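Swiss-Prot lists 99 with the feature active site, acyl-thioester intermediate, giving sequence analysis as the kind of evidence. According to Swiss-Prot, the active site, proton acceptor annotation covers 392, 422, on the basis of sequence analysis.
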């Protein structure tokens, strides 16, 4: 175990997370159809400020992320500042770390707090899979640039005369890794085969995720951390995630065909997280600033870590690499955790990471650690369900997980929680959260 690295300001104060909020998450082309990520982000930041009753002038920085970026608003963070009640003098910039984007946003605000540049900031992310930057072919794009340099209609017509009908077809955003051409689901299939994870195991985890998420909603556990959204055509408010299947059964999952490896695969639409729209954000500040404002924090950021691995083999094992680092930096072990929340991009990916947490050979030969983290107690794991049930607006998921875990720790009387995620490009993220008893 490496030496613990406490996250403290120069004055020795802890980094407090005082508030967290998200929109309900909506499956692609449903409740948020036509609502861009920028509007979702503005919506959640505005409501977060209103609920916190913190003066907008207190917030000195906004770090916000978006994975599927819109060309017309490349700095979503600054646009949210300008569209919300935040002061126009609020510093703002955008980040992208694929599915770990809001983890990165939280880390950036925490770093600003630690070095003393600010005393309070907001971190979060938003994504829309319903409002996408549909592009044009490379040939047409090049001709459009060339045409802008011509002077006469004849010159323009000559340029476009070489176009073919296929050159005019719209081009959707890529769903594959740029470096390998593999889709996320292809990597999940690879991991299922490499780690001996069966279709039944994947379906069982997916069913568990939906059952626990449905129970969380039924018990009102999420009411205070999910806002009601009112969007066009203003017919009715949108109050709960619409992907959670409360009545599903194992036989329902067994009926679906593989989505990626059609002949021999085990990854289906049901044991994967769906394309989703939504936004989430948290407020961070120094412990002293929270005291000055009379705010009791939800909890504290104890440590964080990021990792990067080869994209060609087990690309989604990021949690198995980042989590040991985060635990080391927090000065704790797996046994010290009250809760573990892992992003469920796919059931296969989640189960593979759980295996690697307990794999002694992986620890010694791959991580160069003397021992594995250990077996995960499933009674502490994704206790309210995970991304398979809630959905996954890429840049918003981390902030959802952080808020959800802090609130659950508070319900349990305090403790330590690990939140961790894989991300495209072979990236991983992990954070240790702390709630005082």
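Placed from the backbone N, Cα and C atoms, the Cβ positions cover glycine too.
Feature annotations (Swiss-Prot) mapped to structure.
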residue : record                                   : DSSP (3 states)
99      : active site, acyl-thioester intermediate : strand
392     : active site, proton acceptor             : strand
422     : active site, proton acceptor             : strand
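Across the fold, the C-alpha of residue 422 (active site, proton acceptor) and the C-alpha of the residue listed as 'active site, acyl-thioester intermediate' stand 7 Å from each other.
Ranked by Cβ neighbours within 10 A across all protein chains shown, the active-site residues 99, 422 are led by 422. The distance from the Cα of residue 99 (active site, acyl-thioester intermediate) to the Cα of residue 392 (active site, proton acceptor) comes to 8 Å. Long-range neighbours of residue 392 (active site, proton acceptor) (same chain, six or more residues apart, CB within less than 8 Å of its CB): 25, 99, 273, 274, 275, 276, 343, 345.
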